[in-house]
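Worksheet: one structure, shown below.
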Protein chains: 2
Amino acid sequence: MKQWLDATLKQLNLVETMEQPTGFTRLGYTEEENESLQAFITIAKELGLYIIEDAAGNVIARWETNNGVEEKVAIGSHVDTVTNGGGYDGTAGVLVSLGAIKLLKEEGFTPTHPIDVIVFRSEESSRFGISTVGSKAISGILDPSIGSVTDADGISIKEAVEALGYQWEDFSQAKRTDIKSFVELHIEQGTVIEDAGKQYGVVRGVACPIRLKVKVQGKAGHTGTTPMNKRQDALLAASHLIPFVSETAIKLNATSELPVVATVSTIECKPNAMNVIPGVVELGIDIRSVDDSLKSKVADEIRNKCLTIEKELNCSIEIDVLVHNPSILLDESIQKKLLQAGDHLGYTNLLMDSGAGHDVMNMQQLCPSGLIFIPCRDGLSHHPKEYASIEDLYIGVEIVAQFLRIETGERDEHSRRSSRS
Amino acid sequence: MKQWLDATLKQLNLVETMEQPTGFTRLGYTEEENESLQAFITIAKELGLYIIEDAAGNVIARWETNNGVEEKVAIGSHVDTVTNGGGYDGTAGVLVSLGAIKLLKEEGFTPTHPIDVIVFRSEESSRFGISTVGSKAISGILDPSIGSVTDADGISIKEAVEALGYQWEDFSQAKRTDIKSFVELHIEQGTVIEDAGKQYGVVRGVACPIRLKVKVQGKAGHTGTTPMNKRQDALLAASHLIPFVSETAIKLNATSELPVVATVSTIECKPNAMNVIPGVVELGIDIRSVDDSLKSKVADEIRNKCLTIEKELNCSIEIDVLVHNPSILLDESIQKKLLQAGDHLGYTNLLMDSGAGHDVMNMQQLCPSGLIFIPCRDGLSHHPKEYASIEDLYIGVEIVAQFLRIETGERDEHSRRSSRS
């Protein structure tokens, strides 16, 4: 199995070795994502699964049953990446799902429900600034108006999907009503599991972000001829906000139970020329916590700070809220099953929260859903050096297989009863 | 003359009105710059001037003499602009040069030396990050190796000039050895003249910049999953340097005789994605003073601050010196003539320094050279709202014409003697 995991990981990533100095770039709804999906289809067929592509381009590999049960148990993740990202974010979950099917098939397991391995389209927000497009479609929560949102080349989501042969108008048809439960496995993208000395994590809540766009308007002028006391330097003004954002998160963490993180992650400066004082600067701020009130507190403090900066640095500041999503609490019964699975197999685990968004947060709005984290080296993610060991992937395979045994096995009813007692 | 100035200003700017909400964009060695040069040629021919284009594409309109004198007296400036810049920076000097020729021709003046009105190519650094290309070629100080420097579209200087029909290898042939003296008129791009209640300025020194590229290397990571205390945020580290740069200039100004200005004018952040902690940030810093030791002091303090930031913010910083040009002192005898010209005509003036670089700084390395500043509204420059009044342009015409009377008139020898006495 471990050899199979290693070979299949490379196959899904379309490489001979996972050592890729510039990482992996498979943006959503591109030929690159398609190629990885084709690899997935090849592997799934070898495992005897039946392939369905839905109206949003999500690929589903189904383990059929002959017992007339319509309700499917679903597992899966995504294969798209950020620009120059890693080969594990998303792909690990797809790999482990296939591995769990292989394990169960090899032991002659017969599921009581059809099992769907879903590869969701365009999970990352790198291309269009919008994340989890495929799982939003499946969950029936995709806003059709985002079709006009464009990538850096001016190509809209609608144009991008149509170039691949899909119809944007049909995306709503991808909504599912036949899924009993969903479980995703993902690399942690942090070091909480490692720091706690455990083998895997089961996620309680997904910290969805508040995202702000802060536009600082100063006045452009010649860098050589404008005296220091006559300037309205937008970058100088913005530079006072950047440390404040992280300091505010650190300050709140000292007194709150749940953590909050806040980052100025993007900056655009205009005209960005050596001999011109910056006239306009736009900052993108990402604030996350499972505790929604903490996120709002950080956003409020940023707003107040901007008022001070406007006065002190002679500029005007506009704040737009790009995203304000309440955090998602995952299903408790699924959490229990995922913990039980590890307990049964002898793997140590912990309940934890996710700072990052995942397809599972949309699926939770459709059906009881759960998220398993496996460790990744140094917590590094969205980076060419992102890495999870085959050993940890194998633990994931065993946990997911055990979950499927619980969820779709004949012992299903029995184990539910015993866990309630 | 004022009506002619107004009409010719628009003609050189290729517009019907100077009110242009997005300003003027005529980057160096582009069709847009060419079109403005064609307008210049048309106007110069109407004034009876003879057109020469040199090997670097500089356009020279010559007032010939029949007295066998080879040595030319030169005046002029440039017509290229920054992106979305104003219609006066450079163009005002070209316009006033033509106006002075017109004035002298109309009064029947006969110069003792041929007079060259030079329009220098690509004075602004906006396109290639390299300024005053044309005047460097004429002065014989153009570094041929810069031919490989590229613009934002990846087009090299060599490719750009060859697309317009010039040969990069031939640029050295543009060097002149027949120029007696050179005078440029430019808008001040500041408010020193206005603040002093004077009508024009005569420049002593041009504050050439030290330009630094500061590369802050942190570590990219997921904004949602990386705890605040495990980050190496390159933007956070860079944000500590930005206020320091301006604070250092302000601090030194409090105790120094000559002013120094320092600006963080450019910033690039990678990967600049909403959900990724900034991994690499590059800042461009522009430091200017006529006092070279002050510039070096600012650069030294920035270097020291970077050492502190490296330690405190867990990142590494590299500093490249992009430009380190000693400031240029202009010819004293020309300064005297330019002051005399105003005194004679009844215009008030002051001796001042230039915070910005101009073609004249290269010409000073070839021949005695001078620079006249006229006021511009609010000191605004490199901006669509850049503006100089026709009245101030007319004063410029009179000063330049009077300079030409002194420099190329029969009273030349006499007035030199009297000014020495």
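Using the three backbone atoms N, Cα and C, a Cβ is placed for every residue, glycine included.
Among A:HIS78, A:HIS113, the residue that TrEMBL places alongside A:ASP89, A:HIS186 at the Zn(2+) 1 binding site is A:HIS78.
Of the listed candidates (A:GLU53, A:GLU124, A:GLU410), TrEMBL assigns A:GLU124 to the same Zn(2+) 2 site as A:ASP89, A:HIS382. For the allantoate site, TrEMBL gives A:ASN275, A:ARG288; the one candidate out of A:ARG204, A:ARG211, A:ARG377 that the record lists there too is A:ARG211. In the predicted structure, the domain 'Peptidase M20 dimerisation' (A:211-306) carries a mean pLDDT of 95.
In the domain 'Peptidase M20 dimerisation' (A:211-306), the DSSP tally of helix, strand and coil residues is 38 helix, 32 strand, 26 coil.
Residue with the densest Cβ environment among the binding-site residues A:HIS78, A:HIS186, A:HIS382: A:HIS78, by other Cβ atoms within 10 Å. The binding-site residues under consideration are A:ASP89, A:GLU124. Their Cβ neighbour counts within 10 Å are lowest for A:GLU124. Nearest to A:ARG211 (allantoate binding site) in space, judged by Cα atoms and limited to the binding-site residues A:HIS78, A:ASP89, A:GLU124, A:HIS186, A:HIS382, is A:GLU124. It is A:ARG288 that, of the binding-site residues A:ARG211, A:ARG288, has its Cβ surrounded by the most other Cβ atoms within 10 Å. Checking each of the binding-site residues A:HIS78, A:ASP89, A:GLU124, A:HIS186, A:HIS382 against A:ASN275 (allantoate binding site) by C-alpha distance, the shortest gap belongs to A:HIS382. Relative to A:HIS78 (Zn(2+) 1 binding site), the binding-site residues with Cα atoms inside 10 Å are A:GLU124, the candidates having been A:GLU124, A:ARG288, A:HIS382. Taking the mean position of the Cβ atoms of A:HIS78, A:ASP89, A:HIS186 as the Zn(2+) 1 site, the remaining same-chain residues with a Cβ inside 8 Å of that point are A:SER77, A:TYR88, A:GLY90, A:THR91, A:ALA92, A:GLY93, A:GLU123, A:GLU184, A:ILE187, A:HIS358, A:ASP359. Cα of A:HIS186 (Zn(2+) 1 binding site) to Cα of A:ARG288 (allantoate binding site): a span of 18 Å.
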